[in-house]
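Lifted from TrEMBL, the feature list:
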type	residues	note
DOMAIN	B:1-95	domain 'FAD-binding FR-type'
BINDING	B:V62, B:F63, B:Q64	FAD binding site
BINDING	B:C228, B:C231, B:C243	[2Fe-2S] cluster binding site
Amino acid sequence: MTRFTRTPITYQDPEKRIHNFDEVCLGYTKEEAIKEAKRCIQCKNPTCVPLCPVNIDIPGFIKAIAEEDFKKAAETLAEYSALPAVCGRVCPQEDQCEKTCILGKKGEPIAIGKLERFAADWALEQGLSLGKTKEPNGHKVAVIGSGPAGVTCAGELAKAGYEVKIFEALHEPGGVLVYGIPEFRLPADDIVQVEIENLKKLGVEIETNVIVGRTITVDEIFDEGYEAIFIGSGAGLPIFMNIPGENLNGVFSANEFLTRNNLMKAFRSDMDTPIKVGNKVAVVGGGNVAMDAARTAKRLGAEVHVVYRRTEEELPAREEEVENAMEEGIIFDFLTNPVEILGDDKGWVRGIKCVKMELGEPDASGRRRPIPIEGSEFEFEVDSVIMALGTSPNPLIPRTTEGLNTDERNRIKLVSEKGQTSREGIFAGGDNVTGSATVILAMGAGKEAAKSIDEYIKSKATNI
Amino acid sequence: MYKILKADKLAANIYRMVVDAPRVAKHCQPGQFIIVKLDEKGERIPLTICDYDREKGTVTIVFQPIGESTTEMAQLQTGDAFEDFVGPLGQPSEFVTEDLEELKKKRILFVAGGVGTAPVYPQVKWLHEHGVTADAIIGAKTKDLVILEKEFEEVCNLYVTTDDGSYKRKGMVTQTIKDLVEEGKQYDVCVAIGPMIMMKFVCLLTKELGIHTIVSMNPIMVDGTGMCGACRLTVGGEVKFACVDGPEFDGHLVDFDQAMKRQQMYKTEEGRAVLKAKEGDTHHGGCGICGGDK
Ligand SMILES: Cc1cc2nc3c(=O)[nH]c(=O)nc-3n(C[C@H](O)[C@H](O)[C@H](O)COP(=O)(O)OP(=O)(O)OC[C@H]3O[C@@H](n4cnc5c(N)ncnc54)[C@H](O)[C@@H]3O)c2cc1C
Ligand SMILES: Cc1cc2nc3c(=O)[nH]c(=O)nc-3n(C[C@H](O)[C@H](O)[C@H](O)COP(=O)(O)OP(=O)(O)OC[C@H]3O[C@@H](n4cnc5c(N)ncnc54)[C@H](O)[C@@H]3O)c2cc1C
Ligand code: SF4
Ligand code: SF4
Ligand code: FES
Ligand SMILES: [Mg+2]
């Protein structure tokens, strides 16, 4: 029956890991990876591939692992993905490639993500630079934002021979990969920074501390000699609930809480940025962001409740994160929705007032709509509340760029599938086009846009 | 790295630095701010732009050490550098985009408290350069803490007041506002910048006097780009992010009590001790009303 059973992978013991920020999943060893790879039956018409947003040759790279040709596995991945070490860790695999793996019908699907991570980590450890770089072609492209969309677009263009510069608003590149997703899921120094270094080795220049729309405008970037611009500015604006008490001391957006902890490394006592969480915390929401905030608060020593208005079934977070969170002792209060945050006379949070919910008819998203149960309000004591309700794109760039159209939710409108915006020479992709989505989708968009930019510049120039 | 081309002291515990930051200098306007980070371990510190030279590519900041980070920053000398310096952030002052002819008709009063005097300077200077002469009040606790007096005198009609009467007028800034109005002065707009408590009391007075008032809010911030919401405050019943919607707001609409509470969020016992020690000789704001950031 081994064909239908997944090769187990090692996780840090929950009792230990709630006291540190080290990676939770330790990854496959060589032997484990080979064993798991051999489980793949190498389908002629693989059902896993179409569900991967970038259509990675999954049987191909897995076969290479099974044959112990890890270099080939990594090279295969590099043909499709710029950040396999990241996607192997954070893709919602259970809804993508692994969802339709044929083995899933009778048993457990192949651990595609974990194998991808294995091959990618192996390449990072070897310091391999994958993919060929063409001769410089003398053309310049600017990229705004250094999240997965921007980084991928920049990497693809650099490989195609372009001179590429990324402008990043924060003091460190990486986007959500460094300020949002915590170290225990995606180690910043070992993974993200190495990927950024690889990008620099391709010749990509990164200028941090440049807020496009404030420090420089899009039009001035063109004036600096860039022929095309890719905007990968993400969806960074936090959403609040607009309930009473939300401005009390001790109420944070998940972005603030995670930025303090991840980007500013507030969990380390030698860093200057403070973080306060208290003894008991309510995290409102049910997505990856909520799980990350909850597990971070736990590691900072708090008792943590995730307050979610639907049930466990509907939790939008990755399955693995929910499992890990439960193992770590995070308490889930399902079918519960906050209606007010209660404060003391000094302006600090002292508790939260919630209402019980029940599920009604399916709504537009296809999920059953939560409805408050009348008279079911109750209060419980907390020291802080973290709002993890989602984010929307920052309107700064569209507002300061003439002719760049957005929709009513501040998302940049594309006029073609391939990243072309309403203004010539400007391309966009990632969360700023889709609203908050996933790393792999942002990466895919960056890659598509790089192709379009290449075509666009070639169509205008005669010397390539 | 962003080099400090000149570091000097304007008064006991008020420091000025001219920083090489060409991209910021090219774009900044009165009313905006920057965020500075000392080194790898530093936090992101928001500071108002107090002057700029587009040709030389420099931006001037003026600050008062009140906690760990600003105290560490005060140790830096000419020739040292900041690891990060980003801006300009926030919205420029309203008048920058106003019709100049309309603006020239306006009677404007600036009220500056303590270290808040520094960020008022680029505003009065800008107006002066555009042919508008404003009145300005500088309030400080005592004579030695009056800063930028000469610079102000060159660009506006200046009134200086000290709490203890050791220099020029005696009393807090609100007293001088009352005096000026009683002397028959009329104002269409008041711009008040200083500690929150000073701005609150100025607003209470100008509301009575019927003078539209603009204040510059300085809540706790992290990114300064609208990403974290740490800087949120309530203005006219609506939640605003000071870093993108402000930092200047209609002072008659700001919920100061909430803003002051939020500013205390990371006030640790240690922080309180630092403040208390410093207040002894500088008075956190120098407005004459508050007795410090309590
Ligand atoms: C806490 C958290 C956990 C997540 N977990 C997962 C997960 O497990 N799996 C998954 O697939 N996805 C996850 N996501 C979503 C995923 O991270 C995003 O979909 C993805 O990062 C989007 O990439 P992007 O390149 O479009 O934008 P971002 O990663 O947001 O990067 C945008 C970059 O642009 C910069 N920028 C913005 N405005 C400007 C400007 N004006 N000038 C210059 N630079 C600018 C920003 O500073 C930022 O660095 C998570 C998100 C969060 C917040
Ligand atoms: C838009 C903006 C513009 C600013 N301009 C200036 C300026 O031109 N000159 C200047 O000296 N300061 C200015 N400030 C305030 C300055 O940012 C703070 O004094 C500084 O961040 C304190 O850092 P610290 O580590 O030294 O003190 P901390 O140890 O972080 O704080 C010390 C104590 O001061 C209080 N505090 C924390 N943050 C602030 C704050 N933002 N404002 C007031 N008190 C605070 C806390 O309650 C704490 O107890 C500005 C703030 C903002 C938001
Ligand atoms: S990129 Fe994501 S969806 Fe595609 S194969 Fe890898 S883990 Fe699966
Ligand atoms: S569907 Fe599953 S078994 Fe088939 S190729 Fe894909 S991973 Fe292998
Ligand atoms: S400082 Fe983060 S949103 Fe204003
Ligand atoms: Mg501090």
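Every residue, even glycine, has its Cβ placed from backbone N, Cα and C.
Predicted, not measured: the structure shown is a model, and the values here were computed from it.
Shown on the structure are the features that TrEMBL records.
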residue	record	Cβ within 10 Å
B:V62	FAD binding site	22
B:F63	FAD binding site	21
B:Q64	FAD binding site	23
B:C228	[2Fe-2S] cluster binding site	27
B:C231	[2Fe-2S] cluster binding site	27
B:C243	[2Fe-2S] cluster binding site	27
Quick one: of B:V62, B:F63, B:Q64, B:C243, which binding-site residues have a CB closer than 8 A to some CB in chain A?
none
Taking ligand 2 as the reference and 6 angstroms as the Cβ limit (strictly under), which binding-site residues among B:F63, B:Q64, B:C228, B:C243 are close?
B:F63, B:Q64
Pop the Cα-Cα gap between B:C231 ([2Fe-2S] cluster binding site) and B:V62 (FAD binding site) into the table, whole Å please.
21
When you measure from each Cβ to the nearest atom of ligand 5, which of the binding-site residues B:V62, B:F63, B:Q64, B:C228, B:C231, B:C243 fall under 6 angstroms?
B:C228, B:C231, B:C243
Note on FAD: the CB centroid of B:V62, B:F63, B:Q64 has further same-chain residues inside 8 Å, namely B:I14, B:Y15, B:R16, B:L47, B:I61, B:P65, B:T70, B:V115, B:A118
Whole-number Å distance between the CA of B:C243 ([2Fe-2S] cluster binding site) and the CA of B:Q64 (FAD binding site)?
20
Could you give the Cα-Cα distance between B:C228 ([2Fe-2S] cluster binding site) and B:F63 (FAD binding site), in whole Å?
24
Take the C-alpha atoms of B:Q64 (FAD binding site) and B:C231 ([2Fe-2S] cluster binding site) and report the distance between them in angstrom, rounded.
20
Tally the residues of the domain 'FAD-binding FR-type' (B:1-95) by DSSP class, grouping H, G and I as helix, E and B as strand, and everything else as coil.
14 helix, 45 strand, 36 coil
